[in-house]
């Protein structure tokens, strides 16, 4: 043994730092995986803008690198938002959270819509709608379900704040109903157009068998869309952000006490307590701006090199949108939710998924709709039946699971299995028209 004086210094040399608890390591408050993935961001930007003719590597590799780069950048953006919100007033924190909370997805969606509009390709619009639906379904089913399963392995039964979950469920019902209201309106008043019809009975008044049927709102029945559906879309796009701001004011200001409820032996923190000061305000602001710029560049590269994947892939474009494009940017949030579940803090794990789903409906979609006013794209707030049924069923199931305020690994397994069933439906679904 070696005795070290009290005023001395001890230098610890580590030859190997990789172990089963590597995910817990942090460098200056930053998760070690986010630090390790920073070189990937540099490689992505260099390859993407220097090798524009794909001489060094293919478009598939560049698209994969761009998606991997989004993961650490979204983590840095989230930490910067948390640091700024924790050191600011309620109004400033709410504005920063609403402005940059969905920047990861919005940059990709907007660049994809612009590219699709320039090329006259409707497939980009369908991909964006699939990614929006995939984020909503994944954050409602997969994120809380996975947290319940992993947390239930360590804890036999976990309790969570049922009142805060009820607030999130109410916002989800409101947002899903508002987002899909134009779609349901078009199903009621739209004109059904069929591509191929054959007379089965050889009688002019007999039965006809039709294929490739869809509700036509733009081509042959444009009056209905521009006179009735489009005003409804703009009305919903203004009401949903207003409801989101009211929800923020309710949860963070007037009724913040409902998030300070003792569940079992664990004190469950609310939104305003979960924000941790990692960096100073100016450092967080600089990191936020730099990460946003790099995020925009990576999103631009992802949309630039997604065309070969969409055209050459035998998998349905629906499946690509609801899996890869929807869930890869949410991986940092999934990891955070799992960590909270292992600490028996399931309320925070559930709130992470619910807040992302609410932001998709109440912020991201209205922003995309209002963006079409300034830059005309093919994005219309009319979704396919598959998106409508999957989203509504997910929200209803989530609300049923969260009613009693307690859960175990079996209930989490149900949510995860339903999510995989919906993925199977998307996998075998035919590609959307125009792709």
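Quick reminder: no glycine exception, Cβ is built from N, Cα and C everywhere.
TrEMBL lists 63-180 (among others) with the feature domain 'Sodium/calcium exchanger membrane region'. With helix defined as DSSP H, G or I and strand as E or B, the domain 'Sodium/calcium exchanger membrane region' (63-180) counts 102 helix, 2 strand, 14 coil.
Taken from TrEMBL, the feature domain 'Sodium/calcium exchanger membrane region' covers 284-426 (among others).
According to TrEMBL, the feature transmembrane segment maps to 30-51 (among others). Listed as Cβ neighbours of the transmembrane segment (30-51) (distance under 8 Å, sequence separation of 6 or more from its ends, same chain) are residues 22-23, 57, 61-62, 65-66, 68-69, 71-73, 75-76, 79, 278, 294, 297-298, 301, 304-305, 332, 335.
As annotated by TrEMBL, transmembrane segment applies to 63-84 (among others). Within the chain carrying the transmembrane segment (63-84), a Cβ under 8 angstroms from the stretch's Cβ atoms is held by residues 29-31, 33-35, 37-38, 40-41, 43-45, 47-48, 92-93, 96-97, 100-101, 103-104, 108, 274-281, 283-285, 287-288, 291-292, 294-295, 298-299, 301-302, 305-306, 309, 324-325, 328-333, all 6 or more beyond its ends.
Among the features that TrEMBL reports, transmembrane segment is placed at 90-110 (among others).
The transmembrane segment annotation in TrEMBL covers 131-153 (among others).
Look at TrEMBL and you will find 165-185 (among others) tagged as transmembrane segment.
What TrEMBL records for 232-252 (among others) is transmembrane segment.
The feature transmembrane segment is assigned by TrEMBL to 282-302 (among others).
Taken from TrEMBL, the feature transmembrane segment covers 348-374 (among others).
Taken from TrEMBL, the feature transmembrane segment applies to 386-403 (among others).
What TrEMBL records for 409-429 (among others) is transmembrane segment.
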Exercise. What else in the chain is close to the transmembrane segment (282-302), if you only count residues 6 or more beyond its ends and a Cβ gap under 8 Å?
Worked result: 41, 44-45, 48-49, 62-63, 66-67, 69-70, 73-74, 76-77, 79-81, 83-84, 100, 103-104, 107-108, 111
Problem set entry | Tertiary contacts of the transmembrane segment (165-185), as residues 6+ beyond its ends and Cβ separation under 8 Å | 136, 140, 228-229, 232-233, 236, 239-240, 243-244, 247, 250-251, 258, 347, 350-351, 354-355, 357-358, 360-362, 365, 381-383, 388, 391-392, 395, 398-399, 402, 405
